[in-house]
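So the structure is just underneath, and the comments pick up after that.
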Amino acid sequence: LDCKIHFRLRKLKDVSFPRIDEKNWFRLLDETKWLNHIQTVLDGATQIAREVEDNKASVLIHCSDGWDRTAQLTSLAMLELDPYYRTIQGFAVLVEKEWCSFGHKFAHRVGHGEDKHGDSERSPIFVQFIDCVWQIMNQFPYAFEFNSSFLITVLDELYSCRFGTFLYNSEKQRHRDQVRPS
């Protein structure tokens, strides 16, 4: 788990809230290094997509634990390769399959129901993924059925706890509590 990501998001929030320092905005944004992380993830996903598309290669993607970077990279590569995942329904399927079913630790990463804000398990991995999608969408807006409002809604639901989609660490936990992703 890259603990720097959590730190980078906190710095990004500090730059943006409560007020934006317009004179120093770009410098302060650069100092967070958030966009460096976004670029690294996007570069990795594009490399995977090229291997699949150009070389017709099968690609095994497995990061250290298998539930953070792996989900980011596979989801983004699939989004780049298949227009179905750029539809609202396709995006929902993508999140359910690559994130929920394959065991992204939403409960630990988001920290629902916990008051330990400094917990090392917390990390904005899914937020980073949504930012990556937003970056791609802004480059190719007509390739997507949805817009930034949709992505903001997804993030709202990540933190709202209204549905079971983002509350658990595994499919087993969802099944135990009889909750299906929404």
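Including glycine, each Cβ sits where the backbone N, Cα and C put it.
Copied over from TrEMBL, here are the features:
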- Cys63: active site, phosphocysteine intermediate (ACT_SITE)
- Cys63, Ser64, Asp65, Gly66, Trp67, Asp68, Arg69: substrate binding site (BINDING)
- 1-182: domain 'Myotubularin phosphatase' (DOMAIN)
- 32-80: domain 'Tyrosine specific protein phosphatases' (DOMAIN)
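Ranked by Cβ neighbours within 10 A across all protein chains shown, the binding-site residues Asp65, Asp68 are led by Asp68.
Rounded to a whole number, the distance between the Cα atoms of Arg69 (substrate binding site) and Cys63 (active site, phosphocysteine intermediate) is 6 Å. DSSP assigns Asp65 (substrate binding site) to coil in the three-state reduction, outside any helix or strand. The most densely surrounded of the recorded positions Cys63, Ser64, Arg69 is Arg69 (count of other Cβ atoms within 10 A of its Cβ).
The residues of the domain 'Tyrosine specific protein phosphatases' (32-80), classed with DSSP into helix (H, G, I), strand (E, B) and coil, number 35 helix, 0 strand, 14 coil.
If you average pLDDT over the domain 'Myotubularin phosphatase' (1-182) in this model, you get 88.
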